C-alpha cells in the first residue's frame, strides 16, 4: 500500500534589489533591525526615519566573523521571542555579510520561517551576499556549516553606507566584482579596466552588473549544483589561505584576489589562459591595492588543506579555472603535478 | 536602478509513503540512523538488515518531548560533523514524533539541507508527522518555535513497530485518525465506527486514509495558511489542556481527544453540530479508552491561555469547528460568551 505525496508546484520567491538611495520602506507590521554596534552608531540615524513599521525594535550583535556562531544566533532568537515577533513580522539585516547571514538564518528558522529584508552596508555584502539566499553560521567544524537557503523579500543597496567603509574593505568588495567579470563577462571586465570605481556612478553600475551576473547564475541553479560552482573562482585557493592565516591576516575579498591569481597560474599551465589575460586581471586587482601574492611555506600542506573544504568531496578537488577572460571551465581532473607546479610559483613573493 | 531577481520555478518535492513491511532501503551513500535508546533496543535488529548504505552510523538521542531541544539538536549535529556526513548523505529518522522533528530539522540546516527518510515507529507519528514537512525543536518560550519546512525523501510506515507500542500511545494515535475523519470524511468516520483498528488490515487502511486526507490538505497549503488550519481541530483546546497540566498528565493525542469533545460542545452551541453527531465522536473515542473530559478549574484562566498559542494572533481566537461529521468551519468570530458557555460544561467531569 502506498500514498504518493505530490508536492510539485510553482514557487515564486522573486524579489527586487534596489540600487539607489533608500527613500521609504513602508507598510511593515512588526519589524526588527538586526545590526552591529558600529553600523548602528554610524548609520541608524540615516535609516530610522525611512522605516515605517507598526512596531520597531533594534537588536545589535557583536561585530565580526568570530561571532557568526550559535551563541549570537540564540541571543538574537531569544530577543525575537521577547518582543513577541510573529509570523507576519519582518527582520531587517543592517550590516555586512555576518549580519546578513545570521539574520537570514534566524528568519529561516524562527517559527519555521518569516520574512527578512537586507540592507547591506559593505561593498562585499552588496555585491555578493545580496543574491543567492545563502544564510548560516559557523561552528567549530568550519564556516557556514549550519544554515538554510532563505530568500529575502527585498534588498536595498545604498552606496551612502560605503562613505564610512575603510579602504581595505572597499577593495575587498571590488575583488568580488572583478571575479564576476573574469568568469562571466569580458565586456564588463574591459569596462572595469577603463572606469574608476571610486566614482559613485561607476560604482553603482558595477554593483548592478555584478548583481545581475550572479542573479543569472542563481536563477539557473538555486542550490549548489553545477553552474553555481563557477562563483567559487579563486575561492578554492582563498579558503586555504584564510585557513592557514586563521582568518586574521586577509579580508575574505583579499584572499579571493590572491586566489584568483593562483587559479590563473593553474589556468595558464593548463593552456586555458594567456599570460596576457592573467596579467590584465592582476593589474586590475593591483589598481585597488589588492594583494596578489601569498607566500606558500609548505606546498604539500597547502595542497592537503584543499580537502578540508566542505565542497571538496572525497579525493577530488574541483577547480574553477578561467578560459581567457569572460569564460570558465569547472574541472576535477587537474593532475596533481600541475597543481603543485602552480603552487610552487608562490613559494616566494 | 534596480535588478529583479526572478525565482519563480517549478519545485518538485514529491515523495512516497510506503505502508507495508519494509523490505529493503537501497542505494544510500553515507547514512545515519537517528533513534532513541528504547526504539534502538526493540527494533534496530529488525531494521538494520534492511538498510543498504555505503557507510552507516547510528546516533541515539534521549527519549521524550523534554529533550526536543537545542542541546539534543546540537549533539546530533556534532555527531554528523564527526562522521563527515556530506551533502549526499541521508539521515534516517527512526522513532516517534520527537525523533522525526529533530532529525528533520537537523537535515534542514546541516550544510544548508540534506536528505532525510522517515521511519515512524508510533501510530501518532505514522499518521501525523509523516505528512506535512514540519520539523523543529522546542525552547523555553514554547513548542516547535524554532524549525523549518523540510520534506522527507520517503516515509516507511511499517506496523510491525506498533506491536511493542503501549496501549495508551496506540489510542493517542487513533485520536488523530478520528480527527481527520470528523473534519474531512464522513464515509471514513462511518467506516471507523464499524471497524476495529486492533485488526492489522483495518489499521493499515485507516493509516492510509488519514495520510491521504492530510496529504490533500498539505498539497493545497504547504505552509500554514487557510486550509491547513483545519488540521488544528481539537488542538486549540488541547494546547491549553497540555499547558495547564505541564504536558505531563496527557499524551498529545489524549489531549486532542478531549479538545475535540470541547470543540464539539462549542459547535453545538453555534448550531453547527447536532447532539447526535457529537455523541458519535465521543463514543468512537471512548471505544479506544481515550479521555473525553478534562475538569476546568478556572474558566477565565483557561480562556486566557488560548492567547499564548503561537497561532493565535492579537486578540482573536481561531476555532476549527466541525459542521456535523465530515465538514468544518474555521472562524475567529465566536462570541466570548459562547466560548465561556462551552468551557463551563467542563467544570465538572
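Glycine is treated like the rest: Cβ placed from N, Cα and C.
No curator has checked TrEMBL annotations; they are predicted automatically.
Per TrEMBL, Zn(2+) is bound by A:176, A:252; the candidate from A:195, A:235 named for the same site is A:235. Here the domain '3-dehydroquinate synthase C-terminal' (A:173-312) has, by DSSP, the following mix of helix, strand and coil residues: 99 helix, 0 strand, 41 coil. Residues A:124, A:128, A:175, A:179, A:234, A:238, A:253, A:255, A:256, A:259 surround the recorded Zn(2+) site, their Cβ atoms falling within 8 Å of the Cβ centroid of A:176, A:235, A:252, which are themselves excluded.
Counting only residues at least six positions away in the same chain, the Cβ atoms of A:36, A:37, A:38, A:95, A:98 sit under 8 Å from the Cβ of residue A:63 (NAD(+) binding site).
Taking each of the binding-site residues A:66, A:176 in turn and counting other Cβ atoms within 10 Å of its Cβ gives the largest count for A:176. With respect to residue A:66 (NAD(+) binding site), the closest of these binding-site residues in Cα terms is A:252, chosen from A:176, A:235, A:252. Ranked by how many other Cβ atoms sit within 10 Å of their Cβ, the binding-site residues A:97, A:100 place A:97 at the bottom.
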